[in-house]
Amino acid sequence: MTDSKYFTTNKKGEIFELKAELNNEKKEKRKEAVKKVIAAMTVGKDVSSLFPDVVNCMQTDNLELKKLVYLYLMNYAKSQPDMAIMAVNSFVKDCEDPNPLIRALAVRTMGCIRVDKITEYLCEPLRKCLKDEDPYVRKTAAVCVAKLHDINAQMVEDQGFLDSLRDLIADSNPMVVANAVAALSEISESHPNSNLLDLNPQNINKLLTALNECTEWGQIFILDCLSNYNPKDDREAQSICERVTPRLSHANSAVVLSAVKVLMKFLELLPKESDYYNMLLKKLAPPLVTLLSGEPEVQYVALRNINLIVQKRPEILKQEIKVFFVKYNDPIYVKLEKLDIMIRLASQANIAQVLAELKEYATEVDVDFVRKAVRAIGRCAIKVEQSAERCVSTLLDLIQTKVNYVVQEAIVVIRDIFRKYPNKYESIIATLCENLDSLDEPDARAAMIWIVGEYAERIDNADELLESFLEGFHDESTQVQLTLLTAIVKLFLKKPSETQELVQQVLSLATQDSDNPDLRDRGYIYWRLLSTDPVTAKEVVLSEKPLISEETDLIEPTLLDELICHIGSLASVYHKPPNAFVEGSHGIHRKHLPIHHGSTDAGDSPVGTTTATNLEQPQVIPSQGDLLGDLLNLDLGPPVNVPQVSSMQMGAVDLLGGGLDSLVGQSFIPSSVPATFAPSPTPAVVSSGLNDLFELSTGIGMAPGGYVAPKAVWLPAVKAKGLEISGTFTHRQGHIYMEMNFTNKALQHMTDFAIQFNKNSFGVIPSTPLAIHTPLMPNQSIDVSLPLNTLGPVMKMEPLNNLQVAVKNNIDVFYFSCLIPLNVLFVEDGKMERQVFLATWKDIPNENELQFQIKECHLNADTVSSKLQNNNVYTIAKRNVEGQDMLYQSLKLTNGIWILAELRIQPGNPNYTLSLKCRAPEVSQYIYQVYDSILKN
């Protein structure tokens, strides 16, 4: 009977029986009992109470039983750290066992037990195993070093294990070399500035030698390591490429992709005119094509990587377009990827084949695939000018099929073709107008309206067509409403005498009957333009439009170079850099392609070093200026020196969906603000009675837990078409977060959320896009924690801590204001030295000192100091003068502004006196509000 019998028991109270069996004298009985325990553990039963009994079974020569006991230990050691110590002696003993399998098993298990108390006992056995005579033990010990480093990095460095790992790179056994490289690479990821691997020509030669004899996963580790090396010149790059090229014919697709990554990177260093360069390009094509004969899942990963390769070097696969033709039994995700690559490889030479394929695809039954195929025909027309006429003819044939979704997608595509080739294919407009009644999708309706408005002078009944859309104006989507408004204004400017009533009707609907601010504002712009200067209006609205680009979905070059360095990893499948989706990856080293002529440090300089130094200097805050003007200048791309956010992530989202011109006239109305942070009365200016600080005692230690303001409703549902947003701000582990709750009180689901901040006093911006990946259903709420940073554009606001926010979803764009409690902007390095504090206090002019009263506070000086230190307000010194406690404190804001404080506490008096001094006195009243909130919380 198989081991499945252990999973079929339904007995109650079996723990007692298992305990007895584990202590049985017979070895077979104990082995059976341990198997039952492991089975119970596997199905989720709590068998932690058997810990001492299972540990007793470690003293055995039976390898199978030992493995089972070790498995149990790994699972329960974290919850029973004190009892896990019992097993240490057995581990140490097993590390010296004659059997290398047992030695390796022991050191591997000790590395998997993530308990601090055990790590100190692991050092000596691990040191022996790293020098063990058996390669199996050495390779296991190498991985154990990486695991131990993750638990206690300092101890690994102090014990010299990193040096031992480096020594293993020269080991005679290739698997030991591979594991040593894997361990060092893993450690390097968390310490990007350390040169742990010390890659030099000698080490590279050792790795290339080991590459031929490794297992497939060992080869992947070594190839990934090689991809991080920057050869000193093109000769060395060519030499490495020659030794890596045989890996392209490996059976394992992961090895192939790792080899492709190395070659793609080193191609940058080879002279393009050389014969070897062209030969290497030819060698890269067959293995990539071979990957497409695997399982669908492997095909998908390969296609996502090929998509990047084609964008970087289309010449590699330009002759292989046929392998990307879709097969009838391909899954939809493979079909869509193949379609994308086909368009990227389309050229004048192969466009006839591509169009024939696409026309065939447009008759398939899968709606999503058909839509993408029709869109692809349009992309071909835009990309290959010589094929445009043939593409338009193909689209007209598809429109004649009268298949609803095909017709609608074709009209959207034809609009783009009109934009690319103005005044060339307008003869087909009559055919398009025949299908007006069948259009029910917003994109298609908007496209048709745009065509009618743009070519109104060529359509006899353009006014009737647009008027038919106007009948259900309020039922249309925002996209259609905005397009219709613009189209009718265009029509009026072309035929003013015939359409005056129509334009007045649409302007009235847009400005008076609509509650959509984008639509209202665009309506007012047109109204004012038409009423003040019709000539200028004509120049603005009917101006010549820029031609649309060939490829609108190309990845931004810098990001593409980084993704090429991550071929074969998740980043290449997501088309996002690792720090965009790996939690806690702020320290991940950004990779870059090397620069030609072998600049050795091209890929080694960490990104963002200038940012760190610039943050130390206080930022100059410009005046607030015109709010509307600044809203027009909202930067929809990412902050240029924020390494955590890629340009594709934030740059791809345009919150102002109706276009930037829709914001003119839009005002932000602050929502209700908690009274806690209401502006205080203007404080009195006083002089200080500060004396010599050198006699003062030291501050108080820190206790956990900073102040978090209570959540407030920032955006009521009545003002946001059913979307309610409440929230607050927090400061955790050195990072600022915007904690929000989104509630859908509407009758329809909400999707496509995005967020944008206006310029503000402290440069606060989101570090990552808003992460709401699933639709928000009616009456559903979701909590979102949005990481923030202070590297954005700066503009002085009134009040100073005011933050203006735009939130977009599939319904509309909504605006609200909230106040940032300044304690979330207090940084961890805000503690001054006492001498510096005294000198700074004296250096700041007396007129910058402001005094406040904190009323009804019943805390002693130690508690006050502790509460404030939890919020990064540091007590520099404390003394008692005539029974009155005096606390001298410092804090620092994210923009580099220092604030010095003197807090006087009289025992028995609930009113405290707070004196604040800083070089930007307008900040002081907000600091007082924070003090008041923290101490009364």
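Each residue, glycine too, has its Cβ placed from N, Cα and C.
What Swiss-Prot lists as N-acetylthreonine is Thr2, and the listing cites similarity to another entry.
According to Swiss-Prot, the phosphoserine annotation covers Ser4.
In the three-state DSSP assignment, the secondary structure recorded for Lys265 (N6-acetyllysine) is helix. Sequence-distant neighbours of Lys265 (N6-acetyllysine): residues of the same chain at least 6 apart with a C-beta under 8 Å from its C-beta are Ser227, Ile564, Cys565, Leu593, Pro594. The N6-acetyllysine annotation in Swiss-Prot covers Lys265 and is backed by similarity to another entry.
Long-range Cβ contacts of Tyr737 (phosphotyrosine) within its own chain (separation 6+, distance under 8 Å): Phe729, Thr730, His731, Ser785, Leu786, Pro787, Leu788. Secondary structure at Tyr737 (phosphotyrosine), as computed by DSSP, is strand. Per Swiss-Prot, the feature phosphotyrosine maps to Tyr737 (among others).
Per Swiss-Prot, phosphotyrosine is recorded for Tyr928 (among others). Residue environment of Tyr928 (phosphotyrosine) contains 21 other Cβ atoms, counted within 10 Å of its Cβ in all protein chains.
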